[in-house]
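What TrEMBL says about this protein:
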- A:20-39: transmembrane segment (TRANSMEM)
- A:87-109: transmembrane segment (TRANSMEM)
- A:121-142: transmembrane segment (TRANSMEM)
- A:149-168: transmembrane segment (TRANSMEM)
Amino acid sequence: MTERETLLEDQPGPRSLTELFLTFTWLAVQGFGGVMAVAHRELVERKRWLTQAAFVEEWAVAQIMPGPNVMNLSLVIGGRRFGWRGALAAMAGMLALPLLLVLLLAVAYGRLGQHPAVVRALRGMGAVAAGLIMAAGLRLSGGLKGHPLGALACGALAVAAFGGVVLLHWPMPFVLLGLGSVACLATYARLNP
Amino acid sequence: MTAAPGAFPLHGWDWLQLFGHFLLLSLLSVGGALTTAPEMHRYLVLQQRWLSETQFSSSITLAQAAPGPNILFVALLGWNLGMNSGGPLLALAGVALALTGILLPSTIVTHLASQWGHRNRHLRAVRAFKQGMAPVVIGLMLATGWILARTAHDAGPAWPLWLLTTATALLVWRTRLHVLWLLAAGALLGILGAV
């Protein structure tokens, strides 16, 4: 086992299905404009279920598999210790309360949606939500320390992924598969067998 | 949201067709929930005319503004489809149908794959995959934030919004300020017309 993996194995995990459900409920209801940023803070910094590096790795799996990223992340983490039941508990936690809230919001929006103050408030919150996701990306770059490819190559890959999507308008799945396979092959070559 | 003018109600078989379409999209939804949004728009709004433009775009905006995973916009699409077809009861059925359809296949595939990957985590190929993807994933995350920031810029000057987005990114990166304070500040700045 490498040092990175030992760290991963030593993390304290969820103790029960209830804890899984509640943890994911709590992080979901804080997640305005997407849960990813909050998931990182709760799971890595507060609960310490995952290290920085492990979080990035699980997030990569969650992204490359079909399905919504944060739902995939929750089911991977829930499934790790408790199998199917854990995966379902984590996903249920992620969905139940937020679903109720968003439906209430939809009903309210039907009545207030045209009000200019509501429209402007949503605009401001949208800008903040975008910043939250960028901050999560910046924080995660800390997890690249000790990466087999080295800081320079990692930085170049991240910039290429960003530029491909933002400047060249490549579809995300293509970037993920295209640049991702280059990165994986290079990493494979660098890793000890 | 109420029934939209110009949108057709769904009958019996239509619901099954909708369910099948979402099951298929679930397996294609690599890279996140919002990557399937363009295809849903084509199918629901342009081809079948089950939803109006406004219903579609407000579903996405509301799901973004509410807490919880972005995939909830699919629940709101289901809600609107049901409202167009009969009322609140059908709307709840629409929510259940849409969410189950979009989540069921991807959940099964991802769970099986992740269990396999975890059992074989010491294989060089599995380690290379997980670690190799990391820098690309981080770049994509920054890109997602950028794109979300841009979509909010339909009306009014854009630079105050960019400033707010950048300030948020830096504050969250460098301090421990709670996210809710920042969101409240964003809403307040919006209401005051500063952004």
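Glycine too: its Cβ is placed from the backbone N, Cα and C atoms.
Predicted automatically and left uncurated, TrEMBL annotations should be read as such.
Residues 32-34, 36-37, 40, 52, 55-56, 59, 158 of the same chain lie 6 or more positions beyond the ends of the transmembrane segment (A:121-142) yet place their CB under 8 Å from a CB of it.
With a threshold of 8 Å between CB atoms, the same-chain residues lying at least 6 positions outside the transmembrane segment (A:20-39) that come near it are 14, 47, 59, 69-70, 73-74, 77-78, 82, 86, 89-98, 101, 125-126, 128-130, 132-133, 135-136. Residues 141, 175, 179, 182-183, 186-187, 190 of the same chain lie 6+ residues outside the transmembrane segment (A:149-168) yet bring a C-beta within less than 8 angstroms of a C-beta in it.
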